[in-house]
Amino acid sequence: GCPRILMRCKQDSDCLAGCVCGPNGFCGSP
């Protein structure tokens, strides 16, 4: 799963493993 840490992102590669970049501009679970 995706670690529950608020991380801003522009693309999935900005996020930790298991996370994707959501439409709100933050990383989250796929």
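Note: Cβ is positioned from N, Cα and C throughout, glycine not excepted.
For Cys2, the disulfide partner named by Swiss-Prot from the candidate list Cys15, Cys19, Cys21 is Cys19. For Cys15 (disulfide bond) paired with Cys9 (disulfide bond), the C-alpha to C-alpha distance reads 7 Å. Reduced to three states, the DSSP call for Cys9 (disulfide bond) is coil.
Cys2 (disulfide bond) sits 8 Å from Cys27 (disulfide bond), taking the C-alpha atoms as the reference points. Around Cys21 (disulfide bond), taking its Cβ as the centre, 18 other Cβ atoms fall within 10 Å, counting all chains.
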